Amino acid sequence: MKIEANDVHVYYGLDHTLKGVSLSVKKNTVTALIGPSGCGKSTFLRCMNRMNDLIDNCQVKGNILIDGVDINSPSVNTNELRKAVGMVFQKPNPFPKSIFENVAYGLRVNGVSNKEYINDKVEWSLKQAALWDEVKDKLKKSALALSGGQQQRLCIARALAVEPSILLMDEPASALDPISTSKIEELIYNLKASYTIMIVTHNMQQASRTSDKTAFFYMGELVEYDDTRTLFTNPKKKRTQNYITGRFG
């Protein structure tokens, strides 16, 4: 297994936000996390690269293994972890730099100075993110001039440039129009050949289109985790059925 979470609990102060979540994720698959707002799915996603460490009064208990390594071990370098486990946020967040420098940024921060290598890596990353053909003639222009959908794909390229093996996406298309959303979904499908992807989404159609497995969270608990087709067509739990049929959420 690429990822193994065992009895994961998260507390924000006295608030018990995530309650004993256990699930395993295979390499080169897409896993969707669904559930109503505040159910714990984004909190669980942030556990994968220890982004919760940056939140005051947040405490994480349980084990999370990535490639067999306990990522909560004191010996784990969080900078290296976040390089290996990239993250794309809900709202596109390009830096106020050129398109080229947005992608090159992570390489430079990690000590890469070889100009030819950086040039090649920027092109490779933009191609991986299905953006190269749209920006190859304007790499020196500001990333802020791109459309919202292009900015989000640029953020994906920026994450890919440092060669992660896992890509976390927290509602990556929720702020985008339908055409841009379709491009992001197609990109997710293509990227899973090279990466293990975990995506938080409120859009159940998106979860069913893009993912191999789906986890349904409710009030901090993992209610059901199954193959996506099975979960959406023949859920085992009544709460899952009620949610996917729109009876609450």
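Keep in mind that glycine also has a Cβ here, set from the backbone N, Cα and C atoms.
As recorded in Swiss-Prot, the features of this protein are as follows:
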type: DOMAIN; residues: 3-244; note: domain 'ABC transporter'
type: BINDING; residues: GLY35, PRO36, SER37, GLY38, CYS39, GLY40, LYS41, SER42; note: ATP binding site
Densest Cβ neighbourhood among SER37, SER42 (binding-site residues), 10 Å radius: SER42
CB-centroid shell, 8 A cutoff, ATP site GLY35, PRO36, SER37, GLY38, CYS39, GLY40, LYS41, SER42, site residues removed: THR43, PHE217, TYR218
Largest tally of Cβ atoms lying within 10 Å of a Cβ, found at which of the binding-site residues PRO36, GLY38, GLY40: GLY40
